[in-house]
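Swiss-Prot has this to say about the protein:
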type: DOMAIN; residues: 121-414; note: domain 'Peptidase M14'
type: BINDING; residues: 179, 180, 181, 182, 237, 254, 255, 307, 308, 358; note: substrate binding site
type: DISULFID; residues: 248-271; note: disulfide bond
type: ACT_SITE; residues: 380; note: active site, proton donor/acceptor
């Protein structure tokens, strides 16, 4: 086994994969606003090359940060000198990546049908796109594949449409993987797609939903970034677009929407993980969805799925003001997380983005809500930080199954409360 790990590191070096040997993920606990500001100072020190998995928000909210090996001592000294407590969540990031790669390699095979497809492992972009074609071929009267655009690097952007007939019927939109490193989301999206085809005509409650509402599912919302997480840098979050005047690549596609764009909660620095881009909708991956939603004109629920933190959130992210539908969205969130917890006891918190996690401007669901899509939600799936973005493949199916129960709750509510 040790030999395999050494081999994987060597192969990574040969094929140009970025390695994370000795990188640690620290969980920082801030006691007051002064400590929050100190951590923000740390965040601004670019030479440390810190990667905030959960950024500084408010006292009592945990902060998770990946620290490269050369920066570990400096970061720990900084925290200790300011009386800020921390613990090591992940001792060596590369060891988790090696385990992930070994698992993928061990279970890699070309599926001949969606029944033989392995839902309990992580897949490449090509494997997921092959899965889309299999699903459509097996369910031609229920599923179709729509290309809504091309990425910055020229890859097709696909959405699955599940429909029992008609055009521009009231619809539900679900997307996964807008942040490319959140692999459990794309994997869950694949499972959702199969689940829809299995349950239609078999499960009465779900059949009632699809008899009236269409479902659009975008499994790989950031294809360039996702391909890059497999080829080069597993920790890549953003798109892969180039910014004039900067050597840094990519825009945070969840800060690029035209809702509070460029306000606090996003960065104007192209090297930041939360860089908002030159202007709203600058990213074709975002603009493709914007154009689709506007052209469709009848989307009633919009659900964007991220990881991690175990949260279900509704607008707003860029301001503290409650949305007009606050009470209904809060009650629906409560019902959805209760349904989710009924399977394995997984606890999700819920609330508006700005209160549940942190201020985020230019986010997906703030824009969709501004377009009149009342049931606009964002999930943060498993876990709460033990593995973070590197959730073991053994948790894919349990994550997807419990999330499906929450999605069903939202979809049923959308069906029963037309507007």
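For all residues, glycine too, the Cβ spot is worked out from N, Cα and C.
Overlay of Swiss-Prot feature records on the structure.
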residue	record	Cβ contacts under 8 Å, 6 or more apart
179	substrate binding site	185, 222, 225, 237, 238, 252, 253, 254, 306
181	substrate binding site	225, 229, 234, 235, 236, 237, 389
248	disulfide bond	270, 271, 275
255	substrate binding site	261, 265, 266, 267, 274, 275, 276, 277, 360, 361, 362, 363
308	substrate binding site	53, 182, 184, 380, 381, 382, 383, 384, 385, 387, 388, 389, 391
Span of the recorded substrate site, as the biggest CA-CA distance among 179, 180, 181, 182, 237, 254, 255, 307, 308, 358 in Å, is 20
Least Cβ-packed of the recorded positions 237, 271, 380 (other Cβ atoms within 10 Å) is 271
Residue 271 (disulfide bond) -> DSSP, reduced to three states, gives coil
